[in-house]
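Quick look at what TrEMBL annotates:
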DOMAIN    74-514  domain 'Major facilitator superfamily (MFS) profile'
TRANSMEM  70-100  transmembrane segment
TRANSMEM  112-129  transmembrane segment
TRANSMEM  141-163  transmembrane segment
TRANSMEM  169-187  transmembrane segment
TRANSMEM  194-215  transmembrane segment
TRANSMEM  227-250  transmembrane segment
TRANSMEM  356-379  transmembrane segment
TRANSMEM  385-408  transmembrane segment
TRANSMEM  415-441  transmembrane segment
TRANSMEM  467-489  transmembrane segment
Amino acid sequence: MFAYYHFVDNSPNIVAERSEEGEMELVGIHQENRNGEMGGKNKYKRMNSELTEDEGFYHQKERTSSTRKYVFACAVFASLNSVLLGYDVGVMSGAILFIHEDLKITEVQEEVLVGCLSVVSLLGSLAGGRTSDAIGRKWTMGLAAVVFQIGAAIMTLAPTFQILMVGRLLAGVGIGFGVMIAPVYIVEISPTVARGALTSFPEIFINLGILLGYVSNYVFSGLPSHINWRIMLAVGILPSVFIAFALCIIPESPRWLVMQNRVEEARSVLLKTNDNDAEVEERLSEILLAAGNTNSDKYEDKAVWRELLSPSPSLRRMLVTGFGIQCFQQITGIDATVYYSPTIFKEAGVEGKSKLLAATVAVGVSKTVFILVAIFLIDRVGRKPLLYVSTIGMTICLFGLGITLSLFKEASFGIGMAVLAVCGNVAFFSVGIGPVCWVVTSEIFPLRLRAQAAALGAVGNRVCSGLVAMSFLSVARAITVGGTFFIFFRDLGPFRRVCLRSRSRDEREVSGAD
């Protein structure tokens with residue numbers, strides 16, 4: 001068989017034959033200069049026969065493109081549950097103003113309503129592990145959406161504070177399920193080459209949800225106070241509807257399928273999410289090996305918990321560091337800043353609910369933009385430089401906010417400084433402390449202890465978040481809002497020392513322990 005080619009650019013045209021043995025024979029040369037010039041790039045096209053190599057190249061390129069789009073869609077749909085958490089945080093900051101006016105709730109009830117979500121979502125996350133093993137990752141996401149929808153519907157129609165709390169608790173459980181399962185599903189579905197970027201999607205979507213919550217507050221704030229907060233909360237049901245649609249598209253996790261002895265289905269999913277057949281078989285072998293060690297893993301888990309409860313001196317230092325930085329992350333008051341930003345701006349002198357909620361939109365934009373910056377920089381710049389920049393920036397912003405609210409409130413200069421300080425605080429948090437703390441917590445522990453130790457850190461993080469959110473108004477009433485931010489400012493000193501020291505210890509000790 002022969003294949004014929006000729007160059008079709010401005011250079012001399014060459015017609016050649018390739019024999020079956022692969023030798024090229026020149027059969028004709030002629031000049032063609034369509035533009036009256038010589039030179040240019042040489043290009044060739046096939047005149048007859050098939051070129052298997054080219055077709056294989058283009059087929060592989062199309063498969064790679066299709067696979068990336070499919071995996072990207074799966075990661076986006078899985079991250080929709082994270083939007084629920086972000087939206088709830090953002091929307092409650094504004095809705096609470098109108099709930100307080102409509103249902104005549106006390107300040108303590110307001111704190112409990114806002115802060116209970118963090119604690120309850122932790123319970124949902126703890127239950128989510130066993131649930132996802134029983135019914136699968138995909139349907140756990142569906143269960144999370146259903147539970148949240150029920151909770152959001154109850155909150156929307158609640159005639160009293162007690163019924164509103166029932167809906168809030170259910171919504172918290174649903175959010176806990178969703179936030180736990182999203183990163184697990186994305187890790188198990190993603191190809192190795194894209195796993196780092198795709199697992200950052202839940203964090204991005206949380207911040208996007210916060211921004212959407214702030215925008216919803218502003219858009220519906222002009223309605224009567226007995227209606228607007230209900231609509232704000234009801235809008236949170238929409239992402240759950242998209243999740244129901246997503247369940248018809250996304251596949252089940254291949255790891256869970258293997259655990260259910262559905263190996264061929266797992267291979268089919270891996271073929272859809274990986275463009276390299278060799279990697280498919282390699283990942284399937286790893287999953288099969290891990291599934292075969294399930295029983296031994298259960299005994300190993302018990303041994304791990306015994307080691308964590310009776311730690312060696314080096315492990316004790318790691319636990320103090322990992323648990324400590326997670327607690328300090330929340331003790332710096334970031335959730336209080338996000339939840340109560342309208343209260344902060346009102347203290348600064350911003351008048352009118354519409355203007356208050358418009359200012360919070362700027363906070364949401366700052367937080368969302370800078371989490372994207374952090375994701376871009378974290379593997380390029382490193383953890384420690386981002387922590388330096390983040391802690392120094394937050395220290396300056398919190399101190400500036402405390403000074404502004406104490407000395408310059410209700411002045412036009414003070415209002416501008418307060419908005420700038422709050423936006424700067426959430427921006428510096430998002431670019432460093434926010435995402436890096438979770439990374440550092442996982443990196444300082446040996447592999448055999450990493451999952452359980454990271455879970456302990458998450459418990460500390462959520463509990464501290466709830467405590468700060470549920471006590472902010474009471475503390476502010478006792479020592480003023482400005483005084484409260486001076487406390488948050490002081491908390492950053494030990495945080496910076498512990499967090500930065502943990503990285504050096506990680507580099508010295510844990511690399512060898514792994």
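Using the three backbone atoms N, Cα and C, a Cβ is placed for every residue, glycine included.
Below 8 A, the CB atoms of the transmembrane segment (194-215) and the transmembrane segment (467-489) form no more than two pairs separated by six or more positions in the chain, fewer than 3 in all.
Using a Cβ-Cβ cut-off under 8 Å and counting only residues 6 or more beyond its ends in the same chain, the transmembrane segment (169-187) has close neighbours at 74-75, 78-79, 81-82, 84-85, 88, 116-129, 131-132, 137-138, 140-141, 143-152, 154-155, 195, 198-199, 201-202, 236, 253.
Under the criterion of 3 or more C-beta pairs below 8 Å, with sequence separation of 6 or more, the transmembrane segment (112-129) and the transmembrane segment (467-489) qualify as touching.
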